[in-house]
Ligand SMILES: Cc1cc2nc3c(=O)[nH]c(=O)nc-3n(C[C@H](O)[C@H](O)[C@H](O)COP(=O)(O)O)c2cc1C
């Protein structure tokens, strides 16, 4: 059993958790109108796309979204996640707030997973540049800039539990001052993670920072947290190579729309110029088959359930219906 504070951290959303629920409920309103008599004896779930000039191909269009602190769920933590991603030859986005250093995640990979690194921009820009340089050196293939977290969401469960990480560290920041490696000590009524993020993340980030990042990063930049057509235009204008439609799983701005509700406008705005990914509320292959060509699914629960193959649960739920649902419905 996970300790309550860890379980609540993984499962909870911001404020009233309306968006957390909306991400899932919005799918229930989408129904499939199946085609028939289409020869589905051969089904291919492979998908390919480009980020700038770099081409990617994965065997099925589901990857692993970035989530912090995998070692709270499983001793092997992010190493287990990357092994799972390798087995399925898919994408793992390693969080800035991982409990395994990004170099060790890369070392634990057999090379078969596609590794992307998720970035929060800290007030100290040197930290950001160092992280990018380390990601490049370790073989990561893209930077995922999370833009929905300039200010950390209020998660009431974390505040009730005085959530902090007393027994593990932010493994990517070991060479920096102590305030970057541990959550501040807090008492009931506040969250150590909330304090950490709001002390250190740069709340002033704006489109100029994306432009800066695109200049300093040799890797393509994907912007995670885009929910509108006008922001999609801007992301392209300022140099993004891809966008992820995401509301952080309802953990940031409560009462934001469900991601599937805004996906069509973002896809229309992107108009094929950059790939569009989406996350939020994906819990099974049937959810997945009703959305775009690519989805990102979180892995922490799966890590807990599946030991060293955390992406297996993600894949099993996705591919069982990825292969059966298209067989029953694709044009
Ligand atoms: C426990 C947990 C930790 C997360 N940590 C991060 C993170 O470190 N960086 C990030 O960009 N997104 C983070 N996210 C958001 C996910 O990447 C993703 O956007 C979200 O989980 C998708 O919604 P879903 O939980 O309904 O699948 C986290 C989500 C969860 C549930």
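Our numbering is plain: 1 for the first residue shown, then up by one each step along the chain.
Cβ atoms are placed via backbone N, Cα and C, with glycine included.
Binding site for FMN per TrEMBL: 66, 67, 68, 95, 118, 224, 246, 279, 280, 281, 282, 283, plus 146 from the candidate set 45, 146, 149. Of the candidate ranges 162-195, 298-331, TrEMBL annotates residues 298-331 with the feature region 'Disordered'. Under 6 Å, Cβ to nearest atom of ligand 1: this is the test, and of the binding-site residues 68, 279, 283 it is passed by 68, 279. On a Cα basis, residue 251 (glyoxylate binding site) lies 12 Å away from residue 281 (FMN binding site). Annotation for residue 251 (glyoxylate binding site): same-chain Cβ neighbours under 8 Å, separated by at least 6 residues, are 12, 13, 14, 20, 153, 155.
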